[in-house]
Amino acid sequence: MQAILDEFDEYLALQCGRSVHTRRAYLGDLRSLFAFLADRGSSLDALTLSVLRSWLAATAGAGAARTTLARRTSAVKAFTAWAVRRGLLAGDPAARLQVPKARRTLPAVLRQDQALRAMAAAESGAEQGDPLALRDRLIVELLYATGIRVSELCGLDVDDIDTGHRLVRVLGKGNKQRTVPFGQPAADALHAWLVDGRRALVTAESGHALLLGARGRRLDVRQARTAVHQTVAAVDGAPDMGPHGLRHSAATHLLEGGADLRVVQELLGHSSLATTQLYTHVAVARLRAVHERAHPRA
């Protein structure tokens with residue numbers, strides 16, 4: 001089974017352009033399915049729609065969230081379609097399997113004043129010129145300024161940054177490339193990092209990576225999450241959040257400032273406008289909360 005998983009993983013990476021995070025999740029889902037088959041004394045050849053439904057029912061019975069069920073369904077549908085093309089399955093048992101709709105919840109976002117305080121905290125922490133503090137300042141500034149995903153941030157190379165025009169070239173989901181602008185505060189953080197931070201950490205293993213870990217290798221997602229969590233935690237009253245929370249906040253603040261929905265969609269790299277529209281609900285919900293607190297006849 002491992003050889004099959006390795007080949008499927010290669011297909012997801014090279015032909016589908018799936019991210020490392022998605023591929024890891026899909027392979028974990030398939031290992032769960034294979035273990036379920038083994039417990040029943042079955043093999044891949046015995047995979048049927050009924051078996052898949054039983055597996056998903058067992059997953060739900062174990063307390064899995066609807067988002068997990070939706071992802072597992074997507075994973076197995078992608079796998080069985082590929083397996084049919086590879087001749088590993090005679091027919092596609094998942095063709096009629098419905099992907100459950102994940103219940104959308106409004107993401108936690110920072111208020112604009114909280115976001116500014118978080119950026120100020122990161123800037124203050126970098127005043128002594130510590131390379132890691134300079135890096136962490138750039139992490140939060142770029143994430144909030146551009147709204148890019150943390151995986152996209154960690155994948156950036158130095159050459160992806162156009163400092164003169166304050167633009168960053170991003171390789172997003174499905175290997176789709178987009179260009180996102182950033183403002184002067186992020187440009188200042190970038191300059192400080194390139195001049196005083198990166199040079200102190202760069203090694204032969206650094207390559208062209210923009211952001212580096214303490215040992216000079218390309219920064220990983222886990223380290224970036226830690227930097228964001230610690231920075232936001234310094235802001236009184238701010239919700240606990242990681243990089244995706246800064247992405248949510250950037251999108252919400254753009255819309256609150258009057259940005260066009262389709263422009264925000266392009267900046268975030270959303271393939272569907274419906275995904276971006278979630279942030280309009282966040283903005284409206286925040287306006288309603290302010291109205292209810294402040295208006296005498298709310």
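Placement of Cβ uses the backbone N, Cα and C atoms for every residue, glycine included.
These figures come from a predicted structure and were not determined experimentally.
Non-local contacts of Arg149 (active site) by the CB criterion (under 8 A, 6+ apart in sequence, same chain) comprise Gly172, Pro243, His244, Arg247, Gly269. DSSP assigns Arg149 (active site) to coil in the three-state reduction, outside any helix or strand. Under the heading active site, Swiss-Prot lists Arg149 (among others), citing sequence analysis as support.
A sphere of 10 angstroms centred on the C-beta of Lys173 (active site) encloses 16 other C-beta atoms. The feature active site is assigned by Swiss-Prot to Lys173 (among others).
Annotation source Swiss-Prot lists active site at His244 (among others), citing sequence analysis. Other Cβ atoms within 10 Å of the Cβ of His244 (active site) number 15 in total over all chains.
The active site annotation in Swiss-Prot covers Arg247 (among others) and rests on sequence analysis.
His270 (active site) is surrounded by 19 other CB atoms, counting those within 10 A of its CB over all protein chains shown. The active site annotation in Swiss-Prot covers His270 (among others).
The Cβ of Tyr279 (active site, O-(3'-phospho-DNA)-tyrosine intermediate) has 29 other Cβ atoms within 10 Å, all protein chains considered. What Swiss-Prot lists as active site, O-(3'-phospho-DNA)-tyrosine intermediate is Tyr279.
Taken from Swiss-Prot, the feature domain 'Core-binding (CB)' applies to 1-84.
What Swiss-Prot records for 105-292 is domain 'Tyr recombinase', and it gives sequence analysis as the kind of evidence.
In this structure, His270 (active site) belongs to neither helix nor strand by DSSP; it is coil. Across the domain 'Core-binding (CB)' (1-84), DSSP assigns 68 helix, 0 strand, 16 coil. Cα spacing between His270 (active site) and Tyr279 (active site, O-(3'-phospho-DNA)-tyrosine intermediate): 12 Å, rounded to the nearest whole number. Here the Cα atom of Lys173 (active site) is found 19 Å from that of Tyr279 (active site, O-(3'-phospho-DNA)-tyrosine intermediate).
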